[in-house]
Amino acid sequence: MLRSRQATNALRAVGQTRPLRSQTAVAFTQSLNKVPSNRRSEATVATASSTASGAFNSQVRPTPSPTFNQYDSKVQPLTGMSRNVTDESFIGKTGGEIFHDMMLRQGVKHIFGYPGGAILPVFDAIYNSTHFDFILPRHEQGAGHMAEGYARASGKPGVVLVTSGPGATNIVTPMQDALLDGTPMVVFCGQVPTTSIGSDAFQEADIVGISRPCTKWNVMVKNIAELPRRINEAFQIATTGRPGPVLVDLPKDVTAGILRRAIPTDAAIPSLPSASIQDAMDLNHKQLEASIARVAKLVNMAKQPVIYAGQGVIQSESGPELLKKLSDLASIPVTTTLQGLGGFDELDYKSLHMLGMHGSAYANMAMQEADLIIALGGRFDDRVTLNVSKFAPGARAAAAENRGGIVQFEIMPKNINKVVEATEAIVGDVGANLRLLLPHVESRSTDDRSAWYTKIDAWKKKWPLSDYQKTERHGLIKPQTLIEELSNLCADRKEKTYITTGVGQHQMWTAQHFRWRHPRTMITSGGLGTMGYGLPAAIGAKVAQPDALVVDIDGDASFNMTLTELSTAAQFNIGVKVIVLNNEEQGMVTQWQNLFYEDRYAHTHQANPDFIKIADAMGIQGQRVADPTKIKESLQWLIDTDGPALLEVITDKKVPVLPMVPGGCGLHEFIVFNPEDEKTRRGLMRERTCGLHG
């Protein structure tokens, strides 16, 4: 039977979610043409399924379908099982009132957003609701980043509610940020009435088209009867597989209209069961078991293994706990990505801290010399691999000799072999697959790997992260020193301390010099690198964790982009603590201009406002510190102050973030701090800028 790829994908998705119903349907399904599968490279890919426990029940299926975790813009998501049960509870309610009730059913406690004409029916319905809190930012971008911070700190999806046109387009940056960083977020935006769509009506924007590349899924609700189903789908898709943002477009006539009839409790979609599905699931499980066995063999054989842990570990249930079990059992050192910080206790002897462009030198060396790299929930981002042709030569050589290689545990099939070719690939939830792997891993002590740890210890001694210019020039504060002091002050409360950052040098210094011990405590923009992320994300994190200490460590340039959200913190008494490292420049860009553009500082210096006066004008307490001897005292004031507070720190200028791997280089070709090199660098800077800088 001939059919389109769209129909094929839909039938396969439905088949995966339906129990066997009739022999007629089975025979019909078996007559369908088989869809050719894409061939991958030498990596063996096995899909983790609900059979992780070793048993398969044909009457139980994962919800939503595994197809939801695969991106196909031509296939609408299929959720729920078709039933004849209807729900009469929404009859007589407006679309806005249905929205309110659906938020309650989804367990939503907080919403971030900004009102406008096209979304007023919803705002009217939630007016004075006692069931959840509404946080009103000063800009829709702030609402999006607040929702991201909320989601990152809580593990629950952040919810955004904005109007049409500019209200919707202002949320695009947070959605793209959430997509790249795997943050669950559900965005509801108003839209002009369906009768006006396409007429260039006031504040009309094709937000479904605009947001298609920056969401996991989006939809316009075209009639009130489908509103509950679409809301359910949105929350399911945002939180399953690799989390991400979804968008639901709500025309005004839908939210203002009244439902006149009962609606199905779930999506009423046709069912087409397939007898081949159980066979396929059994085959996948057998392939998974075989792949796990091969991975265990590589782990047991490896002499110099290293675990590279990404955010997938943190997002997986019990991921950090299982990571620790694997590391302890086989005595394998662990390095983490920027977004994986906190997934492994950095006070553990086996910790290598962060890897990558600004990672520790010893983590980068371990990645280059390891004979086996176990990648857990990491996608081999370019800031991790740098020059791919020079990446992991030790593991590649071991793979060629069948004694090691690169093992990738990844939830998204499309990320397998996307950047780096994997020797073995395990597709599925990291935690579920680690549970399958652990029983097959042989115990090893650090003494059994003494040669490997001797190398690592030598690298740690030669290139410690604490190696930077601590002598303050002209009595100026070093940012690294301040962050280390903050880490020390929070040493006994790390589990309840959440740090957010903007993007720039301060972000990397925070990653390097704060000691991370618990998951979800580092909240930053990694994939998109969104300046201005820190303050609104901190507000969202504090809303999610009201009893925790939430500190935004920001740079002056990044802070300038969203500082108006201080007013939000003041209005709602959200007790975030803000540290602004003020060097009056766009530090990360000036670092590149210094190293690679002969100190031509093109438009990277700005005149800042008086941050303390701004804080005072917005009703927030503020202090400024410029004396290195007052760092501890000032930080203690910030921590102890009730409500939101701001500490401006006047820091040294032109301080580089080191270690650093220049673009185009291998991980082992890093620049580290050297006192003589620092003197030469500053002297050359003064010469090139006629004494203006340096």
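Keep in mind that glycine also has a Cβ here, set from the backbone N, Cα and C atoms.
Owing to the predicted nature of the structure, the values given are computational and were not obtained by experimental measurement.
So that you can see what the record holds, here are the features copied from Swiss-Prot:
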- 1-42: transit peptide (TRANSIT)
- 45-69: region 'Disordered' (REGION)
- 45-58: compositional bias 'Low complexity' (COMPBIAS)
- Glu140: thiamine diphosphate binding site (BINDING)
- 505-585: region 'Thiamine pyrophosphate binding' (REGION)
- Asp556, Asn583, Glu585: Mg(2+) binding site (BINDING)
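Recorded features from Swiss-Prot, shown on the structure.
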residue: Glu140; record: thiamine diphosphate binding site; DSSP (3 states): helix
residue: Asp556; record: Mg(2+) binding site; DSSP (3 states): helix
residue: Asn583; record: Mg(2+) binding site; DSSP (3 states): coil
Original post:
Relative to the Cβ position of the residue listed as 'thiamine diphosphate binding site', how many further Cβ atoms are located within 10 Å?
Top reply: 27
Original post:
Relative to the Cβ of Glu585 (Mg(2+) binding site), which residues of the same chain, six or more apart in sequence, are found under 8 Å away?
Top reply: Asp556, Ala557, Tyr601, Thr604, His605, Gln606, Lys653, Lys654
Original post:
What's the CA to CA span in angstrom from Asn583 (Mg(2+) binding site) over to Glu140 (thiamine diphosphate binding site)?
Top reply: 28
**OP:** Across all the protein chains here, work out how many other Cβ atoms are within 10 Å of the Cβ of Asn583 (Mg(2+) binding site).
**Re:** 25
**OP:** Show, in sequence order, which residues other than Asp556, Asn583, Glu585 on the same chain lie with their Cβ within 8 Å of the centre of the Cβ atoms of the Mg(2+) site.
**Re:** Gly555, Ala557, Leu581, Asn582, Glu584, Gln586, Gly587, His605, Gln606, Asn608, Thr651, Lys653
